[in-house]
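A quick write-up on the structure given underneath.
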């Protein structure tokens with residue numbers, strides 16, 4: 001019985017001590033808050049209002065970035081050729097297609113809009129083959145990155161390539177040759193907007209499927225240069241979409257107005 005009483009007394013004393021300590025700490029915190037700051041003995045809390053100014057950048061591990069920078073040579077000729085090929089392709093087909101829409105120069109040259117569109121499609125395909133080749137050459141010219149050189153990254157890249165191929169092939173099948181290769185600019189207009197797969201999943205699935213293919217190829221080859229070139233591909237497509245989208249919508253808007261006046 002006495003042992004039980006001793007235990008209860010000890011517990012009661014401990015509770016009273018903890019309560020006193022808590023109130024004392026609470027009073028100290030209140031005083032600190034009145035002065036506009038909060039003190040902590042072990043780990044001072046970051047001031048959320050200070051944002052990134054409270055981060056000690058000297059403690060950051062920059063070894064990964066240093067290794068990545070060592071693997072990439074932005075002035076290497078094959079890398080530069082790949083960048084030029086990536087940027088040139090959408091620039092070329094947009095300039096030529098708009099010129100054709102304004103002057104019908106290719107239609108007159110080839111004797112008809114369909115033949116002219118198919119000729120441009122063949123040229124665009126050749127340019128895309130060269131772009132893919134130049135990207136592959138640039139990746140092989142640079143070393144692999146150990147951080148990406150593992151089975152998980154490889155299979156993730158393979159999955160991206162498979163998914164990208166699905167989007168590219170299904171887009172082509174839904175649009176056909178003239179729908180894919182700027183037939184609208186040649187006066188070859190579709191009866192209605194394509195809304196089935198993969199256009200019901202995302203806008204411009206052919207562009208983003210192609211981007212996924214390049215990213216998958218870069219991951220499968222553990223190539224940091226390939227990842228950078230994929231970013232350039234994505235940026236070039238974004239710029240192309242910004243120009244192509246409104247222009248194509250304007251073509252169909254004019255067609256719609258002509259139909260209403262008939």
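Just so it is clear, glycine is given a Cβ too, placed from its N, Cα and C backbone atoms.
The feature topological domain 'Lumenal' is assigned by TrEMBL to 1-76 (among others).
Taking Cβ pairs closer than 8 Å, the intramembrane segment (77-97) reaches residues 106, 120, 124, 127-128, 130-131, 134-135, 137-138, 141-142, 181-182, 185, 225, 229, 232-233, 236-237, 239-240, 243-244 in its own chain, all 6 or more past its ends. Per TrEMBL, the feature intramembrane segment maps to 77-97.
Taken from TrEMBL, the feature transmembrane segment covers 79-99 (among others).
The topological domain 'Lumenal' annotation in TrEMBL covers 98-109 (among others). Broken down with DSSP, the topological domain 'Lumenal' (98-109) shows 11 helix, 0 strand, 1 coil.
Annotated transmembrane segment per TrEMBL: 111-130 (among others), in sequence order.
TrEMBL lists 131-157 (among others) with the feature topological domain 'Cytoplasmic'. Broken down by DSSP into helix, strand and coil, the topological domain 'Cytoplasmic' (131-157) contains 18 helix, 0 strand, 9 coil.
Annotation comment: TrEMBL describes 151-175 (among others) as transmembrane segment.
The S-adenosyl-L-methionine binding site annotation in TrEMBL covers 162, 163, 164, 244, 245. All protein chains included, residue 162 (S-adenosyl-L-methionine binding site) registers 12 other Cβ atoms within 10 Å of its own Cβ.
Annotation source TrEMBL lists topological domain 'Lumenal' at 179-221 (among others). For the topological domain 'Lumenal' (179-221), the mean pLDDT of the prediction comes to 94.
If one looks beyond the transmembrane segment (214-237) by at least 6 residues along the same chain, the residues whose Cβ comes under 8 Å of a Cβ in the stretch are 68, 71-72, 79, 82-83, 86-87, 89-90, 132, 135-136, 138-142, 144-146, 148-149, 153-154, 156-164, 204, 207-208. Residues or ranges marked as transmembrane segment by TrEMBL: 214-237 (among others).
Outside the topological domain 'Cytoplasmic' (243-262) by six or more residues, the chain places 94, 98, 101, 184-185, 189 with a CB less than 8 A from a CB of the stretch. The feature topological domain 'Cytoplasmic' is assigned by TrEMBL to 243-262 (among others).
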Sequence-distant neighbours of residue 244 (S-adenosyl-L-methionine binding site) in its chain (C-beta under 8 A, six or more apart): 94
Contacting positions for the transmembrane segment (151-175) when only residues 6+ beyond its ends and CB under 8 Å are counted: 190, 194, 196-199, 201-202, 205-206, 208-213, 215-222
Local Cβ density at residue 163 (S-adenosyl-L-methionine binding site) - other Cβ atoms counted within 10 Å: 15
